[in-house]
């Protein structure tokens, strides 16, 4: 509402600068009014808008710009139709490393062209592509033979592709789990050989510790006690040593019989303290003795079986989901 009035010092300085002095009040008032008018002109002149310069920063606009559609991608049809087309193009590119193809048109005619151009001219609401084979082009090169098919066939092929991917994924996981389980159980029975000539110290420190370690790992164990001629043989199945042709019983004096019996008693005492699910033995101290010891199943084995069962369940659920989705897509088509 009120106009800004210059300070009196500015007005007074202007008076002396013009070498004018007014004695009367009216004359001074007139002169002050003229100074105010001149001040207004100067102020308004300085407030004129400045012309834009090329160095002025460009104004920034908030918000993302709308993304332009890619002119190299077919924009017709639904997203599923475009995904089905992309699978065919990727398959051709990965196998042939080329864009050339021979296309079977809906009319039945063959056209040697670039597959990317053909894909852009398709109306995906009505048609799709399918690789049906391989053919030599005019230059003698092997190129894919691609057929223009109806939309329903293209969607069915895409559903089959997804089903194969899921099956391959779960089969790979299942095979990996099976291989891991097989590696763990590659040698389900370990043969530990003990000579009748072993010293009590070696039996207690070496052989007993070896047996204990195997059983604690969940490893099933054969313990074969015999003469050096028996334990040095290559043995596939220790139980085969106890048929009639392998029996070689010898007469023992009291000292040797007592020593061998002590070895057997030491093993029996040790096995009572170890984690076993079953213990069986056969033979006699006058020939050879075999222990068949089955270890308690480890907790890891149970967890592994549970994981394999869960993988199978997931695979079944995924197959059902894909089958349902495939039927839904075919019904819409």
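Each residue, glycine too, has its Cβ placed from N, Cα and C.
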Annotated stretch (region 'Disordered', per Swiss-Prot) among the listed ranges 5-42, 43-80: 43-80
The annotated region 'Disordered' range in Swiss-Prot, which must be one of 258-295, 296-333: 296-333
Three-state composition of the compositional bias 'Basic and acidic residues' (71-80), taking helix and strand from DSSP: 2 helix, 0 strand, 8 coil
